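Worksheet: one structure, shown below.
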Amino acid sequence: MAVERLSSILKHLAPGSALSAITAKNADDIVITLAIRTPLAKARKGGFKDTSLEYMTMAILEQVRERCNLDPALVEDIRMGNVSDGKASYKLRAAALAAGFPNTSAAMSINRFCSSGLQATADIANAISAGSIEIGIAMGAESMTAGGDALEAPFDERLTTASQEAADCMQSMGWTSENVSRDFGITREEMDKFAAESFQRAERAQKAGLTVDEIVPIKTRVKNAEGEWQDVTLTKDEGIRPGTTAESLGKIRVAFPQWGPTTTGGNASQVTDGAAAVLLMKRSTAIRLGQPILGKYVGSTVAGLAPRIMGIGPSVAIPKLLAQHNLTLADIDVVEINEAFASMAVYCRNKLEIDPAKLNPRGGAIALGHPLGATGARQIVTGLSECRATGKKVLLTSMCIGTGMGMAGLFVNEQ
């Protein structure tokens, strides 16, 4: 391990390289000084099943305020990714006030589907870079117990008759997973093998106590079988299934037989409640305020593709982002790709030739869950924690986005 750490450090110090450019430390760098998340709980039956979105949001913002050693009045904006709640901006504003942030701290929610947490991070980073604000919180929160991302009604037929791709935007996510496995020859066996590895990695990380570095305990309450309220403190991810193997996953019935034979409840992301948050500011601000610098936000980008195969979004977003910074995947130490479905994860791994050892080393959404608006922020928290634990430097995060997009983000660990 010591040799591996030294090799990683030397690689990033090579003078004149693109790596040295992104790892260099400048006063105007956008840095992360706090990165935390809640435990991820099973929707409709887990620890957050009776917890409102606004309470979950307040709870993690309280943790940010208590842990950041910063006057909350210095936080000028809070941006929250959320997909399923049309009233999320109301709830975020109230939650921030209840969490102890003053009425001078602005707040709003955004929705770019599964990338919303990363988009919130990019928005805050860009606002700081532009001089609009000095300090901001980027976060994501989702109660999938309360809602999901399904359309309530078909689109206006004047759209769908004008463009087949417009009509394809109505395809459910499970349908698009089957499109990917069929179009690109991804087999059920490959998908179950990938999913089993996700569960096994997540199980090992949890048992080794690695996720303690990511997760903050959240106090809430649940109704028991008798309908009585009980106070609980959530500390661990709930979706991990110990002892999962490809063989055991192979026994699970197909989830969408009307669209194809490969996607199951065992090789797709779990329906989950949870939240994550990161605190951002310029390096010069962090130094002036005595804030610990966990990592550096380098950049992010989005890319579009055919809606019917939206799952392979990372395969177009990642090369675009790497090209913008003159990097290759060989320069990346840890890759966090959201495992919306094993079909898209297997495709992206194979297409981009990602070293499996670098990809989701603590497991991904198949094992941990995918709270839609929170995942983009959760990946940053997890990825930076993994880099700290292993002495790695460069983190790449990415996810597919419903209706046919991908997003990717680039970060440097400084711990």
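All positions are counted from 1 along the displayed chain.
Backbone N, Cα and C define each Cβ position, glycine as well.
In TrEMBL, annotation is done automatically, which means it is predicted and not curated.
If you take the C-beta of Cys114 (active site, acyl-thioester intermediate) and look for same-chain residues 6 or more apart in sequence within under 8 angstroms, you find Val83, Asn338, Ala340, His370, Leu372, Thr375, Gly376, Met399, Cys400, Ile401, Gly402. Per TrEMBL, the feature active site, acyl-thioester intermediate maps to Cys114.
The active site, proton acceptor feature in TrEMBL is assigned to His370 (among others). Cβ-based neighbour count (10 Å, all protein chains) for His370 (active site, proton acceptor) stands at 26.
The active site, proton acceptor feature in TrEMBL is assigned to Cys400 (among others). When other Cβ atoms within 10 Å of the Cβ of Cys400 (active site, proton acceptor) are tallied across all protein chains shown, the result is 33.
Look at TrEMBL and you will find 30-284 tagged as domain 'Thiolase N-terminal'.
Per TrEMBL, the feature domain 'Thiolase C-terminal' maps to 293-411. When averaged over the domain 'Thiolase C-terminal' (293-411), pLDDT in the model lands at 98.
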